[in-house]
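Database features, via TrEMBL:
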DOMAIN    7-336  domain 'Acyltransferase 3'
TRANSMEM  7-27  transmembrane segment
TRANSMEM  47-65  transmembrane segment
TRANSMEM  77-95  transmembrane segment
TRANSMEM  169-197  transmembrane segment
TRANSMEM  209-227  transmembrane segment
TRANSMEM  253-274  transmembrane segment
TRANSMEM  294-313  transmembrane segment
TRANSMEM  319-339  transmembrane segment
Amino acid sequence: MTRGFSIYLDLVRFVAAVVVLLSHFGYPRFSDGRWLWVRELNLGSDAVVLFFVLSGLVIAHVAETKSGGLQRFTFDRATRLVSVALPVLLLGFVLDRFGAGFAPEGYSVTYYNEVPFWYQMLRGLSFSNEWAVLPVRLGSNGPYWSLSYEAAYYAFFAVAFYLRGVRRIGLLMMGCAIVGAPILFLMPAWLLGVLLYRGLQRRQALPRSVALLCAALPLVFYPVALWQNLPAQFYSWTANIDAALSLRFSNEFLWNNILAVFVCVHLYGMASLLRDSSFGKVARLIKWAAGGSFSLYLVHYPVMQFLAVFNVWPSFAPLYDLVFVGVTLMVCYLFAAIFERPLPYFREILTGRFPSFRQLATNRAR
């Protein structure tokens, strides 16, 4: 994976997180309908598809290029998730309880599900909140649903990549039964990211004209698809499946997986176009912004929900939008500075203090 393409993936990751934020800011209770068009186009849901494709690509790259086997893979994925998920759950619980206590009318059951602290931590840290049995919204943090999907995809990949024989087949079948249909229905989007990585590794750079076509075609397809209302048409073909299985966040699985194909085509073209690119001085800014995108994605919703109950914002709409979103971004990136960016340091602490992790440190140094 070239430096230029890696920086572009960081840019896509950051932009996708911002789109998700704006899609939630589009709720009338936050912005009085000024940004409702983002919700009506369902751009936030489509941005999550980008995350799934990128995740599959990155995980395949990590598994292929880093030593340490299943133990190292499990340690790295678990620490990546938990180092952010644990403080997210704690912060969300505190903000929700204070916000709901101060202004109960601002925490409607439509977008806030009050659950006991122990239950929120249990379901959140086990990433079982969207499993087949008893899916649950954890407080106001709607975006947390996708971590349940991500953790399942990591587990499926680890079993398929590192294990063999009957044990692999048995664990995959058991995993499918545990996580249920909603998670499985979006797994093709994640697996397409894995296939994209394999394709990039096995082929030379595309001719420039072909690469341009691959990069540009999805950028034309997407607005045309929205203009023609293709997502709704695709959903109408699968509405009975949704009704029968209660797919929740996977209800547009047909459109989401088709979109993932076009995302892969675009990235395949961009990988060739950016082989010799470095993005110059802006590369550091992109990497910094992307380095907090996980926190941005997970923290923004409970923060906005909490901020909205206080009547301290400018009355001039454009200034309100700028200040409200700006404060949300500041909180998210402060959170990232404390919890997301120090991940290598957290891992060093674990490998230094716990003997069972020391071999991982040795593998990492090789």
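Each Cβ is built from the backbone N, Cα and C atoms, and glycine gets one as well.
Note that this is a predicted model, so its numbers are computed, not measured.
Across 77-95, 169-197, 209-227, 319-339, the stretch most heavily in contact with the transmembrane segment (7-27), judged by Cβ pairs under 8 Å, is 319-339. Sequence-distant neighbours of the transmembrane segment (209-227) (same chain, 6+ residues past either end, Cβ-Cβ under 8 Å): 41, 46, 259, 262-263, 265-266, 268-270, 272-273. For the domain 'Acyltransferase 3' (7-336), the mean pLDDT of the prediction comes to 96. Same-chain neighbours of the transmembrane segment (294-313): 14, 17-18, 20-21, 24-25, 29-30, 51, 84-85, 88, 91-92, 95-96, 98-99, 102-103, 106-107, 111-112, 139-144, 147, 320, 323-324, 327-329, 331-333, 335-336, 339-340, counting only residues six or more beyond its ends whose CB sits under 8 Å from a CB of the stretch.
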